[in-house]
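Residues or ranges marked as domain 'Radical SAM core' in Swiss-Prot (evidence: sequence analysis): 8-224. The [4Fe-4S] cluster binding site annotation in Swiss-Prot covers CYS22, CYS26, CYS29 and is backed by sequence analysis.
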Amino acid sequence: MTDHAPTVNPPLWLLAELTYRCPLQCPYCSNPLDFAAQEKELSTEQWIEVFRQARAMGSVQLGFSAGEPLVRKDLPELIAAARDLGFYTNLITSGIGLTEKKLQTFADAGLDHIQISFQASDETLNAALAGSAKAFQQKLTMAKAVKALGYPMVLNFVLHRHNIDQIDRIIELAIQLDADDVELATCQFYGWAHLNREGLLPTREQIAKAESVVQRYRERMAVDGKLANLLFVTPDYYEERPKGCMGGWGAIFMSVTPEGMALPCHSARQLPVKFPSVLEHDLEHIWYHSFGFNRYRGNAWMPEPCRSCPEKEKDFGGSCCQAFMLTGDADNADPVCAKSPHHGTILAAREAANRTQLGIDQLRFRNQANSRLFYKG
């Protein structure tokens, strides 16, 4: 198989990270560590112009994410503009700040889909992880309200060593809430999750037990039909081959940060690569011609063993961001891959997961005070 320049199709999926503001303090958040340094946010008009350009290029799905997107008072206006342009719209939220009135406003504006996240299946653990004693009951109330309005009930639980052992109770909660889709997503170690990896990475035994529980529920639900879909996402750290991150670098996905930086994946801003701003270039130029979006497209950039690997068209060399975090060089093969000369870093992380005694109170939580430790501002 020869190296080649990729055929560049338009971005089908646009993620609008509206703000880094958030009322919760989850220690596994994927936001950048120095988010407190990023105080500027695109205006309503600037976001709508981004949507217009993306739709003109062929984008069809628009996700509203953050921080917590509900803190943006112009969210109904942004939803309505996206709907008028023809996007399928998705709100990814903690549910904190949501009300039945807001839900109705979003429905009237044309919002298609809402995903609510939980930290755990019980109030005590949820509060410990979110940094909010009131969060759990608010999430329960809003999940029921979402269902009552006729939206698909989509719940997300981020799993890690402190809550994965209650996965049966998590699934039971989803059944109780009459969820249509449930994402049981084991922590992916970027942003704050990478910072807290030693205290969050489950053991292999925990993962295996959780997989067994999920399979048992799938078999049961195949009979009674209580859940349409139960998705269990395992961590990269227990795989021997890397995932094809975002379907390939600059292949189908574009993220725009609160201040307007365009990225080919959520975590790319940490790389020593200059990424363009939507305030300086239009999206067509950014997608097709910018250095940042072309840096890891195709496979000509790949080192060995990726360059000669028959799986390179499947995994695209893995995650450049993960390679950078674990080796200091994004050009290296993703250490998750057993063929990588840096795979030992993954093996060491697995071993550390077996030894660690770190409790929840020893994690570094995602908040303004901790974020300021990572920049001089």
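Cβ from N, Cα, C; glycine included.
Remember, predicted model here, so these are calculated numbers, not experimental data.
Shown here: features listed in Swiss-Prot, placed on the structure.
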| residue | record | Cβ neighbours (10 Å) |
| --- | --- | --- |
| CYS22 | [4Fe-4S] cluster binding site | 22 |
| CYS26 | [4Fe-4S] cluster binding site | 23 |
| CYS29 | [4Fe-4S] cluster binding site | 23 |
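The record gives CYS22, CYS26, CYS29 for [4Fe-4S] cluster. Within 8 Å of the mean position of their Cβ atoms, the other Cβ atoms in that chain belong to LEU24, GLN25, TYR28, ASN31, GLY67, GLU68, SER94, TRP192, ARG366.
Under the DSSP three-state reduction, CYS22 ([4Fe-4S] cluster binding site) is assigned to coil, being neither helix nor strand. In the predicted model, the domain 'Radical SAM core' (8-224) shows an average pLDDT of 96.
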